[in-house]
Amino acid sequence: MFINRWLFSTNHKDIGTLYMIFGAWAGMVGTGLSILIRAELGQPGSLLGDDQIYNVVVTAHAFVMIFFMVMPIMIGGFGNWLVPLMIGAPDMAFPRMNNMSFWLLPPSFLLLLASSMVEAGAGTGWTVYPPLAGNLAHAGASVDLTIFSLHLAGVSSILGAINFITTIINMKPPAITQYQTPLFVWSVMITAVLLLLSLPVLAAGITMLLTDRNLNTTFFDPAGGGDPILYQHLFWFFGHPEVYILILPGFGMISHIVTYYSGKKEPFGYMGMVWAMMSIGFLGFIVWAHHMFTVGMDVDTRAYFTSATMIIAIPTGVKVFSWLATMNGGNIKWSPAMLWALGFIFLFTIGGLTGIVLSNSSLDIVLHDTYYVVAHFHYVLSMGAVFAIMGGFVHWFPLFTGYTLNDTWAKIHFTIMFVGVNLTFFPQHFLGLAGMPRRYSDYPDAYTTWNTISSMGSFISLTAVILMVFMIWEAFASKRTVKSIPLTSTNLEWIHGCPPPFHTFEEPAFIKSPH
């Protein structure tokens, strides 16, 4: 029974729960790795060893957080749980493929862990650039195992993307047009399209790297007519859409949370929100070389990538101001989920502003590969994606489990996390402006003060993570069941109660159009 339910599951709710648990566990591993990084950088001098082992930790931290925490939780967890409920579908379009998408991830994770256990580990950074990732600088199986790990995670995501696109287009009630589906459903569909179009390019790039390493091809070796810059183009053609893949489902969740706790029946500017997400998705594909301003591209090429990157700020601004407009005149309930959403809006906007700074190719020459970049993408990921995940988690926790979290603990947890992440990453802007480079385990002692403060912040964040584990335990131990959920008429996922039955919408749902 246990095996049939959890190993061979074809139920979107159970698979969503598996994704959530796996993502939470991977999040703990990723947090542990980040604590190792900040412990090493907490003061000058060496703690862990040389820069190779340090970069293995940094690389693993990135891969674990991106491919095994944010994506499984946002797309696999929230996506699986909420999309069928929100569109009134009985399940996903391909329930067994859904199960395979999940079970490809643990082996993928295993390969990534194995890569650090053999030889010297893969100390390449998450970008895996040759020639550093070639078989000379990284002899042995480490990088090969990392490449196989990425292949599996990529296949998992591509299958999941096909599943979500098919489900969302094909399994709505006949009366519902695409423009009547909730914004979270839109965000997942756009994310799935981005995955479907970008991951094959990554697969091509890392497969060529694999053959360069093992079969003496020279795709990225100038000695045989190849070019390492080609790898960078292939990687970032995936890598830039990837960062939008990480944030778009968060946009969808924040739209729902802000609308719900403002007491509104719909978000401000629904069509504008949809248009903005589609614009971000499209523009995300034509700005990749802003990661490569230092490789010596023509000035006109740099001018194009600078201006195209800045254009993304417009639809992003549409979203930020629409969230603020949604709250305007509302009866705002200061619930923990709303606090996460407000923290998201504030901190994501700061991260966006530093992104605008970095989009200037002239400035990026100086700031590239400094801690300014680290601060920028951790503001949008560690305080964008993660805050959205936390907000979504405390908002939909009653739906997933039938129990309620303790409001006071949840607010304390938010406060500790808010202080921790800001204390960790705000000083890194100063380090970057002062020229401290990334991916080094040691630094001149002029950088000590801000690094020490940053490391203190990371330990505050760690206490927040531990408190969250306690908070979830407390909810399951206390068993406070949900009495009633307000506003269900505009929040379809709640209509079956908390938690919903194993099978929902078994009969086709006919929903009367408001027009």
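Note that Cβ sites are derived from N, Cα and C of the backbone, with glycine treated the same way.
Given the structure is predicted, the values throughout are model-derived calculations rather than measurements.
Per Swiss-Prot, the features are as follows:
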| type | residues | note |
| --- | --- | --- |
| BINDING | E40, G45, S441 | Na(+) binding site |
| BINDING | H240, H290, H291 | Cu cation binding site |
| BINDING | Y244 | O2 binding site |
| TOPO_DOM | 1-11 | topological domain 'Mitochondrial matrix' |
| TOPO_DOM | 41-50 | topological domain 'Mitochondrial intermembrane' |
| TOPO_DOM | 87-94 | topological domain 'Mitochondrial matrix' |
| TOPO_DOM | 171-182 | topological domain 'Mitochondrial matrix' |
| TOPO_DOM | 213-227 | topological domain 'Mitochondrial intermembrane' |
| TOPO_DOM | 262-269 | topological domain 'Mitochondrial matrix' |
| TOPO_DOM | 287-298 | topological domain 'Mitochondrial intermembrane' |
| TOPO_DOM | 328-335 | topological domain 'Mitochondrial matrix' |
| TOPO_DOM | 358-370 | topological domain 'Mitochondrial intermembrane' |
| TOPO_DOM | 401-406 | topological domain 'Mitochondrial matrix' |
| TOPO_DOM | 434-446 | topological domain 'Mitochondrial intermembrane' |
| TOPO_DOM | 479-515 | topological domain 'Mitochondrial matrix' |
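Considering only the binding-site residues H240, Y244, H291, the residue whose Cα is spatially closest to the Cα of G45 (Na(+) binding site) is H291. In sequence order, L41, P44, S46, L47, L48, Y54, D442 are the same-chain residues whose CB sits within 8 A of the CB centroid of E40, G45, S441, the residues recorded for Na(+) being left out. In the topological domain 'Mitochondrial intermembrane' (287-298), the DSSP tally of helix, strand and coil residues is 8 helix, 0 strand, 4 coil. Annotation: no binding-site residues among H240, Y244, H290, H291 have CA atoms within 10 angstroms of the CA of E40 (Na(+) binding site). DSSP places the residues of the topological domain 'Mitochondrial intermembrane' (434-446) in helix, strand and coil in these numbers: 2 helix, 1 strand, 10 coil. In this structure the C-alpha atoms belonging to S441 (Na(+) binding site) and Y244 (O2 binding site) are separated by 29 Å. In the three-state DSSP assignment, the secondary structure recorded for the residue listed as 'O2 binding site' is helix.
For the topological domain 'Mitochondrial intermembrane' (41-50), the residues of the chain that approach it from at least six positions outside its boundaries are 57, 441-445, 447-448, 451-452, 454-456, judged by C-beta separation under 8 angstroms. Taking only the Cα positions, the spacing between H291 (Cu cation binding site) and the residue listed as 'O2 binding site' is 14 angstrom. Residues W236, G239, V287, W288, A289, M292, F305, T309 surround the recorded Cu cation site, their Cβ atoms falling within 8 Å of the Cβ centroid of H240, H290, H291, which are themselves excluded.
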